[in-house]
Protein chains: 2
Amino acid sequence: MVQGPTPRPLPKVLLFGILPVALWFVIRPLIDPIPPVPAIYTSIGVSLLAFLITIYLIPALGPTFVKANLKGRDLLKIYADPIPESQGLVVASVYILSLILFIPFAFTRLFTELANAKPSTEGISVLEFPHHQLSVYLSSIISLLIATFLGFLDDVFDIRWRHKLPIPIIASIPLLMVYFAERGNTTIVVPLPFRGLLGQLVDLGPLYYLYMIMLSTFSTNSINILAGINGSEASQALVIALSVIVNDLLYLPWAVGFRIPLHLLGSRADVEVGGLWGAGMAKGSQVLVERHLFSLYFMLPLVAVLTAFLYHNWYPARVFPGDTLCYLAGMAFAVVGIQAHFSKTLLLFFMPQIFNFILSVPQLFGLVPCPRHRVPRFDPDTNLLYPSKAQFLQHPSKLSSLVLHILSGLGLVELTTHSRDGSILETTNLTIFNFLLVRFGPMNEKRLNQLLITTQVAGSIVAFVVRYGLAGLVYDGDRR
Amino acid sequence: MVQGPTPRPLPKVLLFGILPVALWFVIRPLIDPIPPVPAIYTSIGVSLLAFLITIYLIPALGPTFVKANLKGRDLLKIYADPIPESQGLVVASVYILSLILFIPFAFTRLFTELANAKPSTEGISVLEFPHHQLSVYLSSIISLLIATFLGFLDDVFDIRWRHKLPIPIIASIPLLMVYFAERGNTTIVVPLPFRGLLGQLVDLGPLYYLYMIMLSTFSTNSINILAGINGSEASQALVIALSVIVNDLLYLPWAVGFRIPLHLLGSRADVEVGGLWGAGMAKGSQVLVERHLFSLYFMLPLVAVLTAFLYHNWYPARVFPGDTLCYLAGMAFAVVGIQAHFSKTLLLFFMPQIFNFILSVPQLFGLVPCPRHRVPRFDPDTNLLYPSKAQFLQHPSKLSSLVLHILSGLGLVELTTHSRDGSILETTNLTIFNFLLVRFGPMNEKRLNQLLITTQVAGSIVAFVVRYGLAGLVYDGDRR
């Protein structure tokens, strides 16, 4: 029998290289002159520490998880060794604890008082969040905790698919309650073509709450169903988190300003980035700067813990994420999208997930048979992955056949038909993985995940073009 | 083999009797004239609903827990059927969800706006908490969630005793962070005899944070070690919660005022309860009324879910609480003691736990051998419990012998000595249960738990006498 992989080694340089950098970032805002946004240094420092803790804690806790029966076999490998499951729990614990320990840095007059300094008078500076933001921050933490907890319960109790769907709804209740208590904004900006009809702003009222619930349900479940190969869950979440960070950075007060020449792409105006006074896209709005800082404070440590996890989860995986990780990441995205008010931009970063979800619909809603696992099929001899298939035990309905023939025409699935009457016998499973394998041919697991990452990155580039290029056609500068 | 008990039946009258009452309480504050504290009606209504949900959910989820290997044998019974463990998880989930759903009722202008009414102009009314209290409320929920989560992890991973101790410390971090961010009060009122030396108020500064950590560590662990017989965990928590509620009620604006004739007990003044203007012990202070309302909003649903749990956990137990329940309850008490600033009064309600802890010290710190289970010994023939014993495998040290002889002299333990040299061979285990069995003789499990409840109630009565009678000797009316 083939032996499974041993824990991935941790080079000493990691600890000795990153630790001093992390500590410098924590201390920097206390040194005069204090920067316009001191807490962002602390956030980077705390994130680096969270990275270190996670990357060391995961292999250390692995055996404990296996002993507690939180383990799984890697279905796409030749070895059968138990791999620790639900390690998203470690990721989530470190992540949430970082967020909690960060509270005094963002929400008190810590820096100004300790450094005994005056805020820089030039441009926008955020030395301290307004008070009511603390409640918003705390409600976000509660939602993340509940999402993690329910994700872990899912791992322990193995909750059925249909019972899982409401989990993000429960987890988003704290968000909604505090949003309501804080009299959060429920208006949306109407796209230009509809302004004659609806005016510039529309108050969605209770519908806005429904929208928030749907957003968290979507972001959570869409990551959870794009899963199954080594590294896929963390990779996609990592690319999305990095995309959100890049987007946030466009709104911050940088020391130097520059332009992204979007007129080359046909936009009416270039995107100005940075500039102390203008803070780039924030165009002088303190509120927009604060919103995107809020988002950054959630995304920076998320990137840190996901990277640390991915180090151990990369092909061949030493640990598995469990549903816990997907729920945590999905909820974190929903939180920033809702609280920092850029949910439409956020959804643009979810294009591969949206594609995967729409592609899955015929199987999720019973038009096409849905086996328990839809992961690609592993061929031990070649070490390659092939598209996995769903078999029709009964003759497919007319609607099913029609849908599958359309999907096949689009090159999204491969059908096996009866030699005589041409009826569909088998179809490749309706996931983005199987689509990629149909499109690009069999490949090994690592390459398939790299292809997924490429797709996700390409999606984010398109998202930025749409958001800052094409959106000018349907929205003016008014953002709330 | 003897068959274990089946789930305790749920009389229909429960549902049909309590549901309408619960709904009336939820609706009442919306009807003119709105009462001085409308949210307290909602809190009672929500608590009643939480009671119903818990009492129905626990037996429904039992098999799921057993299937997920969260089960245990009842060591003090003749049957060996698996009993669902960690049902504190259900209790905690319903409890925390109730607290979250309650947010809009306490922290928004919901009632005044919906009923379109003016607040009653007479006396103290709390129609809405001040804004910063929402952060405090949310941080308390985070602490409760973390305590529950870590308690559940303890149940799943079976964390070792020494590793458990820091759990309440981690859970109290959110409390401390927000206390710091909200610039919470770190001064204490100095007892009269020391005022010449220290002044009226002393600012403890960082020591106050240490005190908060110690309080949550103590309240959590002291309940966790007074455990092991059917109903004991929930019973003690229930009596403490009810004591806190009685104490809170002394500070509320009641429609009628009356006096408790404490001069009979030697106090300098009677305790005045109620009265719209005075709000009893609050003596006209809106802040004191708000603090005790805050406490009530945490204690009412706690009593509800604990009662529902106790229904199924009562001898012979159909379900077990797990560490989850102890952590939840302990943290809930720490939260109200800290946030509502009555930690000294709270500790008075913990007298049996303090007694049990002090009695346990020689075993916890290795002076006396400590077996894994210290629960009383069950005799299947008589169905009675006897004191369990710890054996000295080695000759006891002089210190151990001295301590045990003192404890024996006080009637707290029973020793077995060597017939010749008089050296100690065995001692009854150092817990309040074994002490009660030594003192009152063998009894069955149900009666032992009833005796524990009696002790706890007696302790609370003494606590009230000390707090409102004797405390006048060392404190004047100044309370912060």
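Quick reminder: no glycine exception, Cβ is built from N, Cα and C everywhere.
What TrEMBL records for B:12-31 (among others) is transmembrane segment. Residues 38-39, 41-42, 44-46, 48-49, 51-52, 55-56, 105, 111, 114-115 of the same chain sit 6 or more residues outside the transmembrane segment (B:12-31) yet have a Cβ under 8 Å from a Cβ within it.
Same-chain residues lying 6+ beyond the ends of the transmembrane segment (B:43-66) with a Cβ under 8 Å from its Cβ atoms: 7-8, 10, 14-15, 18-19, 21-28, 82, 84-87, 90-91, 94-95, 98, 101-102, 105-106, 296-297, 300-301, 303-305, 307-309, 311-312, 318-319. Per TrEMBL, the feature transmembrane segment maps to B:43-66 (among others).
Taking Cβ pairs closer than 8 Å, the transmembrane segment (B:87-107) reaches residues 29, 38-39, 42-43, 46-47, 49-50, 53-54, 57-58, 61-62, 65, 128-129, 131, 133-134, 137, 141, 144-145, 148, 151-152, 155, 297-298, 301-302, 304-306, 308-309, 312-313, 319-328, 332 in its own chain, all 6 or more past its ends. The transmembrane segment annotation in TrEMBL covers B:87-107 (among others).
Marked as transmembrane segment by TrEMBL: B:134-153 (among others).
Sequence annotations record features per position, and here TrEMBL assigns transmembrane segment to B:165-181 (among others).
Under the heading transmembrane segment, TrEMBL lists B:208-226 (among others).
Summarising the annotation, TrEMBL assigns transmembrane segment to B:238-256 (among others).
Residues or ranges marked as transmembrane segment by TrEMBL: B:294-312 (among others).
Positions annotated as transmembrane segment by TrEMBL: B:324-342 (among others). Within its own chain, the transmembrane segment (B:324-342) is flanked in space by residues 86-89, 91-92, 95, 136, 140, 143-144, 147-148, 150-152, 154-155, 167-168, 171-172, 175, 179, 185, 212, 215-216, 219-224, 227, 233-234, 237, 240-241, 244, 247-248, 291-292, 294-295, 298-299, 302, 306, 309, 350, 480, which lie at least six positions past its ends and keep a Cβ under 8 Å from the stretch.
Annotated transmembrane segment per TrEMBL: B:348-368 (among others), in sequence order. Same-chain residues lying 6 or more positions outside the transmembrane segment (B:348-368) and placing a CB less than 8 Å from one of its CB atoms are 218-219, 222-223, 225-226, 236, 239-240, 243-244, 333, 374, 390, 396-397, 399-400, 403-404, 407, 412, 427, 429-432, 435, 452, 455-456, 459-460, 462-463, 466-467.
Feature annotation from TrEMBL assigns transmembrane segment to B:451-470 (among others).
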In terms of Cβ proximity under 8 Å, which residues at least six beyond the ends of the transmembrane segment (B:294-312) contact it?
7-8, 39-40, 43-44, 46-48, 50-52, 54-55, 58-59, 87-88, 90-91, 94-95, 98-99, 102, 106, 129, 133, 136-137, 140, 231, 234-235, 237-238, 241-242, 244-245, 248-249, 252, 318-319, 321, 325, 329, 332, 335-336, 339-340, 342
How about the transmembrane segment (B:208-226) and the transmembrane segment (B:165-181): do they have 3 or more C-beta pairs under 8 A, pairs 6 or more apart in sequence?
yes
